[in-house]
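For reference, TrEMBL has these:
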DOMAIN    2-369  domain 'Amino acid transporter transmembrane'
TRANSMEM  16-37  transmembrane segment
TRANSMEM  64-84  transmembrane segment
TRANSMEM  104-124  transmembrane segment
TRANSMEM  131-155  transmembrane segment
TRANSMEM  175-194  transmembrane segment
TRANSMEM  206-230  transmembrane segment
TRANSMEM  250-273  transmembrane segment
TRANSMEM  285-305  transmembrane segment
TRANSMEM  311-333  transmembrane segment
TRANSMEM  345-367  transmembrane segment
Amino acid sequence: AGIGLLSIPYALSQGGWSSLAVFLAIAAICYYTGILLQRCMDASPLVDTYPDIGALAFGRRGRLAVAAFMYLELYLVAVDFLILEGDNLRKLFPGAAGFRLGGLRVGTKQGFVLAAALAVLPTTWFSSLSVLAYAAAGGALASVVLIAAVMWVAVLDGVGFHERGRLVRWAGMPSAVSLYSFCFSGHAVFPMIYSGMKDRRRFPRALLICFAVSTLSYGFMGVTGYLMYGDALMSQVTLNLPSGKVSSKVAIYTTLVNPLTKYALVVAPIAEAIEAALGVRKSRLLCALVRTALVVGTAVVALAVPFFADVVALTGALLSCTATLLLPSLCYLRVRAKLGYKKPWLETAACVAIVAVGAAIVVLGTYSSVKQIVQRLK
């Protein structure tokens, strides 16, 4: 649970109260598809990564397809992190001015994006999951502090819960569903975590606890933010918080910490794939250069398309939904058929239904988010 906590109130305002049912359905489906990935990995001792699952199911083309969606999703999540940092730093320091870099004029937000990129750069040079796990644990704690700070603003700083919201907003439903899908987009990292566990038998229990806690956290934050600001919600709830309040500053500082702790974990699979392809895994210097290039690339994209909600929605609709709904279901059905497993009709029907729902989200959500980005760039 990371930056999705910030966008979930906006997502609820886009879809209305009825979209909470869709949110819960997506959470349950994503947990189930996480279990499907585990089953695929258990089918062969040679499977360690998400692309390996694609290869087991569909051969070389499957590996390439899964890798393309997985790495692009993680890449855009890293971009979202930097956009978020820029937005919230500008909120925290409204009086900051831009500067000149050579012959280029760098605006306030652009400068903060570059500063965030420099801050996360050293964390990407660690390749050990055991080291990154402590940073991710810090990010989980930051999520708890963020929720508490927003509640403080509502209850003790006078904002209150005065907005009633709408029951349903059909026009904004594609954006809402896309953002909900983004909230549960950890599947690309699941195989790497599963491979690195000391006791793999604990994975289903760990996954269930994580999804339950994340769903409750997201739902609580979404309802709280919607009751506080209603249809006036911005792409990140922290941008709505009153300036000058200590609780608001705590919320924003916590928001800034979260991406810093999770950026390295998100880009680690991309870096490892590039290092393996180039054959430089044994050289720390070359690995550091690869990871530095990744940070530079995400910063460039964040500067070019600085629209947080729209980029998150595009990530959720096109990439997260594909990686969390479509690919796990398709790969599992294929692996099960290749290995001659029995075919319970209920399980098959569930996977087919997930594929149908996922395809609809991909088409409608991608169209909606791309349309919004194009309009903003004009």
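Here the Cβ of each residue, glycine as well, is placed from N, Cα and C on the backbone.
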Legend entry - Top Cβ-contact partner of the transmembrane segment (285-305) among 16-37, 104-124, 175-194, 206-230 (pairs under 8 Å): 104-124
Inset, instruction - Mark yes when the transmembrane segment (250-273) and the transmembrane segment (104-124) have three or more Cβ pairs under 8 Å (sequence separation 6 or more) and no when they do not. - result: yes
Legend entry - the transmembrane segment (345-367) touching the transmembrane segment (131-155) per 3+ Cβ pairs under 8 Å rule: no
Legend entry - Which of 16-37, 175-194, 206-230, 250-273 contacts the transmembrane segment (345-367) most, counting Cβ pairs under 8 Å: 175-194
Legend entry - Ranked first among 16-37, 175-194, 206-230, 250-273, 311-333 for CB pairs under 8 angstroms with the transmembrane segment (64-84): 311-333
